[in-house]
Amino acid sequence: MKSAKGIENLAFVPSSPDILRRLSASPSQIEVSALSSDPQRENSQPQELQKPQEPQKSPEPSLPSAPPNVSEEKLRSLSLSEFEEGSYGWRNFHPQCLQRCNTPGGFLLHYCLLAVTQGIVVNGLVNISISTVEKRYEMKSSLTGLISSSYDISFCLLSLFVSFFGERGHKPRWLAFAAFMIGLGALVFSLPQFFSGEYKLGSLFEDTCVTTRNSTSCTSSTSSLSNYLYVFILGQLLLGAGGTPLYTLGTAFLDDSVPTHKSSLYIGTGYAMSILGPAIGYVLGGQLLTIYIDVAMGESTDVTEDDPRWLGAWWIGFLLSWIFAWSLIIPFSCFPKHLPGTAEIQAGKTSQAHQSNSNADVKFGKSIKDFPAALKNLMKNAVFMCLVLSTSSEALITTGFATFLPKFIENQFGLTSSFAATLGGAVLIPGAALGQILGGFLVSKFRMTCKNTMKFALFTSGVALTLSFVFMYAKCENEPFAGVSESYNGTGELGNLIAPCNANCNCSRSYYYPVCGDGVQYFSPCFAGCSNPVAHRKPKVYYNCSCIERKTEITSTAETFGFEAKAGKCETHCAKLPIFLCIFFIVIIFTFMAGTPITVSILRCVNHRQRSLALGIQFMVLRLLGTIPGPIIFGFTIDSTCILWDINDCGIKGACWIYDNIKMAHMLVAISVTCKVITMFFNGFAIFLYKPPPSATDVSFHKENAVVTNVLAEQDLNKIVKEG
């Protein structure tokens, strides 16, 4: 009788908790457990039945050498020694009232609080403060882009080492370290506000048509304020060092502490909270930007939010995050190395690791010498690498849209930047959180196997791919823009903002303040030829505009003036916004529904002792191929659709003011479809390559035959014990 089909799996090695469970069982139970969980034992047992006089050497000497009647105290001490389960507290302080926290739910609560804090700072406050920091410290956009990338660079450099060494360490204390670093990074990021001095206002910008204007000096000199760039980068590097253990060791600790069918629900909840953080960060940051940057001078200055010189108090949110993050250090450090019941939970788990020819030594990974071999082992796991590449492709598109969706909404549907950002956040954040929770819930509800979770992720990606073509439907024609798509009623030229009607106004392209008159949008009141504003009216209204032909009366003033222009963009005639938001919301849900299943699949398809390292590799590759290049690729793509650049009086090109809406929609569809196809390809290839461990049918077959072979098996086991 040959070994059963599918049993031979070198990667499928039982963990030490399973050994403890079998030591306390009766001989018959030992036989059934061995047949159902120990591949090498299963391969050797049929041969022993054929030749009982030749005892087989067991690959696990500790199993046969231990007597079957091990005491409960012995088992308990072995369990505590292996998993170091303990009570919640610090040193000798372990009050009973705090033991309610010493559960998976208690740890999940603290994990979620730290994930929310990290999301508030890194993906909320930093993103919303970048433009203010750029103006305050006189930096180029390329430099502020480097600030944004510093977090991912730090994460990439540290993720492998933290995940490898942290796997053998005290994971909750690693998360206490993460809370410390996140708080420190937030504090460092806010320091330039306290050392750069008081913000000095420049002169008011004249936005109307004047025949004489002071010339602008183009002598460039490097400002000392730009040196604070290095402080911001240091803050981001510290934040990256804090985020590394949070999303590698924290996820692995959650997976350790709960049964397999609940793991996806816990992980999905934790990831959903990390998405909730940016939502809070955007709301908090937006409110703080309505406060003047120098709080003490806020009431004494005449400048308002409508003034281009206005800068908000971007730094307050970082101080609040610093305090909150450091308040989590002590709670995390009070958790034991393993929560109570971890040994029992691990004993009941069945490995679903992908079968390969790699070494699966139980002691593998305990020494630093094993790091290169462990890294090589994971890189040779084709299923794992396919899943990592699929998440990287998905990360590229999600980070790109997270950065530029407000810009797309603003330009396609003619909205203000603040309202577009609000709508973008209202679609992205709830959709992503709902998708994460729903994906984790479905995997947990139906107790999907590793292969089924990959199939589920493939299905959700397919739905998201189909709905991604919403950008083709949502495209809107550009509204008439004088000098860009409209030629000043035939008196000017396309591509030139200057026309005979404003030639004597000495207008500057350094200040973009759009106005609308006669259904046409103008770059500024000056380019519309407006010489006078109407005071104390919201929105601001201009009259005596030489470039606007149709006369419009202003009834709110004592006199009647003609040739009116109103501040702001012209109202768009495109009514596709509600449909676009609804469909894109569904796209986001299905996109993020695959996140938790893929993470669970990665945890299941690798060796138990390499899960943290696997997550570290995933996050490193995800950032190298996804989150770092994603915004850059999206930025270059959107810039390629620009039809009106900001060129100041010194001839230096800045940001883009007007985009070709049709071309932008087509380009975003091309990126979305390409990334989704890559994601589905690697998901499908992972499903094709995956070789599961013994199926339930194989295990049931052995359990049914265990009764027949029980007597011979007990004799064989006793013989090995005597010889040992």
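Yeah, the Cβs are placed from backbone N, Cα and C, and that goes for glycine too.
What Swiss-Prot annotates here:
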type	residues	note
TOPO_DOM	1-105	topological domain 'Cytoplasmic'
MOD_RES	S15	phosphoserine
MOD_RES	S16	phosphoserine
MOD_RES	S24	phosphoserine
MOD_RES	S26	phosphoserine
MOD_RES	S28	phosphoserine
REGION	30-71	region 'Disordered'
COMPBIAS	44-60	compositional bias 'Low complexity'
TRANSMEM	106-126	transmembrane segment
TOPO_DOM	127-145	topological domain 'Extracellular'
TRANSMEM	146-166	transmembrane segment
TOPO_DOM	167-172	topological domain 'Cytoplasmic'
TRANSMEM	173-197	transmembrane segment
TOPO_DOM	198-223	topological domain 'Extracellular'
TRANSMEM	224-254	transmembrane segment
TOPO_DOM	255-274	topological domain 'Cytoplasmic'
TRANSMEM	275-295	transmembrane segment
TOPO_DOM	296-311	topological domain 'Extracellular'
TRANSMEM	312-336	transmembrane segment
TOPO_DOM	337-377	topological domain 'Cytoplasmic'
TRANSMEM	378-399	transmembrane segment
TOPO_DOM	400-419	topological domain 'Extracellular'
TRANSMEM	420-443	transmembrane segment
TOPO_DOM	444-447	topological domain 'Cytoplasmic'
TRANSMEM	448-471	transmembrane segment
TOPO_DOM	472-580	topological domain 'Extracellular'
DOMAIN	495-549	domain 'Kazal-like'
DISULFID	C501-C530	disulfide bond
DISULFID	C507-C526	disulfide bond
DISULFID	C516-C547	disulfide bond
TRANSMEM	581-603	transmembrane segment
TOPO_DOM	604-612	topological domain 'Cytoplasmic'
TRANSMEM	613-638	transmembrane segment
TOPO_DOM	639-672	topological domain 'Extracellular'
TRANSMEM	673-690	transmembrane segment
TOPO_DOM	691-724	topological domain 'Cytoplasmic'
Is the number of Cβ-Cβ pairs under 8 Å between the transmembrane segment (275-295) and the transmembrane segment (224-254) three or more, considering only pairs separated by 6 or more positions?
no
The topological domain 'Extracellular' (472-580) resolves under DSSP into 7 helix, 22 strand, 80 coil
Are there at least 3 C-beta pairs under 8 angstroms linking the transmembrane segment (224-254) and the transmembrane segment (613-638), leaving out pairs fewer than 6 apart in sequence?
yes
Would you say the transmembrane segment (673-690) and the transmembrane segment (146-166) are touching, if the rule is that at least three C-beta pairs must lie under 8 angstroms and be 6 or more residues apart?
no
Does the transmembrane segment (106-126) come near the transmembrane segment (224-254), with 3+ Cβ pairs under 8 Å (pairs 6 or more apart)?
yes
Among C501, C507, C516, C530, the disulfide-bonded residues in question, whose Cβ has the most other Cβ atoms within 10 Å in this structure?
C530
Counting only residues 6+ away from its ends, which parts of the chain sit with a Cβ under 8 Å from the transmembrane segment (420-443)?
264-269, 271-272, 275-276, 278-279, 282-283, 286, 398, 401-402, 405-407, 409-410, 413, 453, 456, 460, 581, 584-597, 600
Contact count check, CB pairs under 8 angstroms to the transmembrane segment (673-690), set 173-197, 224-254, 448-471, 581-603; argmax is 448-471
Using C-alpha atoms only, work out the spacing between C547 (disulfide bond) and C530 (disulfide bond) and round it to an integer in Å.
8
Answer key: the stretch among 173-197, 312-336, 448-471 with most Cβ pairs under 8 A to the transmembrane segment (581-603) is 448-471
Whole-Å Cα distance, C526 (disulfide bond) to C516 (disulfide bond), is 12
Ranked first among 173-197, 224-254, 448-471 for CB pairs under 8 angstroms with the transmembrane segment (312-336):
173-197
